[in-house]
Amino acid sequence: KELEVLQDIADLTVRATDQAVFKCEVSDDKVTGKWLKDGVEVLPSDRIKITHTGRFHRLVIDDVKPEDAGDYTFVPDGHALSLSAKLNFLEIKIDYVPRQDPPKIHLDTTGNMVSQNTIIVVAGNKLRLDVEITGEPAPTVVWSKGEEAITATEGRVRVESRKDLSCFVIEGAERTDEGNYTICVTNPVGEDKAVLFIKIVDVPDPPENVKCTVVGEDCATIVWEPPKFDGGAPVKGYLMERKKKGSSRWTKLNFDVYESTTYEAKRMIEGVLYEMRVFAVNSIGLSQPSLNSKPFMPIAPTSEPTRLMVHDVTDSTCTLRWLAPEKIGAGGLDGYLIEYCKEGDTEWVAGNTGLCEKQGFVVRGLPVGEKINFRVVAVNIAGRSPPATLSQPVTIREIVEHPKIRLPRELRTKYIRKVGEKINLTIPFQGKPHPVATWFKDGQPVDPKMVNVRNTNVDSIFFIRSAEREHTGTYDLVLKIENMEDRATINIRIIEKPGPPVNVRVTDVWGFNAALEWEPPKDDGNCEITGYTIQKADMKTKEWFTVYEHNRRTNCTVSDLIMGNEYMFRVYSENLCGLSEEPRMSKNTAVIAKTGLEHKPAAFKEKDMACAPKFTQPLVDRSVVAGYSTAISCSVRGFPRPKIVWMKNRMIIGEDPKFLMQNNQGVLTLNIRKPSTFDAGKYSCMAVNDLGQDEVECKLDVRVAIQPENK
């Protein structure tokens, strides 16, 4: 590519001690070159400086002397090009009087200056402020921030000095760099001073305190606070994002800047946890995201409680009952608020300080005789439900109700328990005002040492830890309200196992039988005797065998006794608790005497079952299709069990896997697997034992299936 000359070198005429500056500009900023004087290369020194900045090449000669006059040429490396100029030295014969001018600061009011002496810099950007300085002799320049002078010539914040120019540089501006900066120039003639305010602008800080204040079935209201620092530029608005808890995918909620600090997010799923974050926006850009809000769940309040009713009223209280709302939703149900107000008033008063979790509440401290309206509100995380209100006000006054005992069905008959068992009876009752319950046994107040009684406003609990026989009796529960009374009777019987029967004896013996009689036990265990168990034992072996169980009479006849043996007997009593702990032994024994009769059974003669084999079902001729498995069967009898031999064309069929021979209770089967035309022929079956043999045979035809013709 050809090198173009954008600015040629100009001829110079300078006086002694002045500065000569040759400058040229080429089209390629990477091109280097050499400076020549009268054909000889110029080398840099303390007085001669050669610089290359981008496309500009400079040769600066300080304190010009007569010998510096001549032809100067710039030759770019690698290009057939040269730029030339002439330096003329001007001699002044008259005496020179140095000029003295007071220093002057010339500020450039364009560029970064938005107003006089104010400079705005975006954080992270570079600020380079070139200030032109004039004055003779050359003034001294001092930059300072506040009271602290800036003397550094290197680093992030530095001052660069050139002839008639002072450069103030900030690399990567930060918020701490903001402030008032002073430039002061002085020389022997005077001084000049200028104050600059450098303002650092940045993206704002993130918004703060992002939280959810109100939730609905599919929406939520989010509020937040503006950022503490707006970045030096007014906040234009906000951008919002949301995500499901546990997910990393954020969804934008708005694309246009939203100016308010309250936002209603919609189209959410009820019962799902969400998180929100907010970005602040100013003219510089977008802030970092705020901290995530606490997880929140879009939920709707429940429907109103159902079936609100008055359960009880006294002179200062009212008991309410209700059922849960029909629609609860994903937010669940935290509890209920009960409120009331006097008839005609509009101000509702809370009847409970905290949420009531049960479906009933007693409102206390009500004025007697007043008509009060009541309502109940269900509460969950989404807020209050619509109220359930009684259709008419309630008059706060005690209602007199006759006492009434609600005796359970199982206690209306005799209540039976075993000794040692626990008795725990709950007898509900009703009446207003609260009745007084008293227990009696057989007409006398119960002994608290034997029976524990605990009374409440709605029931009486009768408790015996371990029942004994003396707890048996008739118990009366008396319920009183002033001169009104109700009574209930409970018959309790405590039973245990009975004692053994009395006077067990053998009254008669005949043949192989013995007659027994006894008397009922003296102690029936406080329960009716339901039967007796009779056992016998041979005096030789003394092993007991049960003869009768649940025998209801006090006598029995024991049969099937062995003649010549002596027997003893024992009897157990039985009631609802079971058999008596001990039996009663018979006072005498029974001896079965021998007689002259003797039974001799005839000798058993075993029947001879031996017979020669005989086929009871012969083989039948069959015709089968090749490739389809088949079977031939017959049946045989004989004892001893005969040996079976299958043959094909008079040749014994051995362990050929094509054939399977089976014998099931004399039914003989030969299974032929997928026969071919080769398997056709005469098949015979022979049965042989020690008494003889028998044989049957059949013919098996195997035909080839006719294949249909292809059309």
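From the backbone N, Cα and C atoms, a Cβ is placed for every residue, glycine too.
Within the model, the domain 'Ig-like' (1-73) carries an average pLDDT of 85. Sequence annotations record features per position, and here TrEMBL assigns domain 'Ig-like' to 1-73 (among others).
The domain 'Fibronectin type-III' feature in TrEMBL is assigned to 206-302 (among others). Across the range of the domain 'Fibronectin type-III' (206-302), the DSSP-based residue counts are 0 helix, 42 strand, 55 coil.
Residues or ranges marked as domain 'Fibronectin type-III' in TrEMBL: 304-399 (among others).
Here TrEMBL flags 403-491 (among others) as domain 'Ig-like'. Under DSSP, the residues of the domain 'Ig-like' (403-491) split into helix, strand and coil as follows: 6 helix, 52 strand, 31 coil.
Residues or ranges marked as domain 'Fibronectin type-III' by TrEMBL: 500-595 (among others).
Annotation comment: TrEMBL describes 613-701 (among others) as domain 'Ig-like'.
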| query | Between the stretches 1-73, 206-302, 500-595, which one has more Cβ pairs under 8 Å with the domain 'Ig-like' (403-491) than any other? | reply | 500-595
| Counting by DSSP, what is the helix, strand and coil composition of the domain 'Fibronectin type-III' (304-399)? | 0 helix, 45 strand, 51 coil
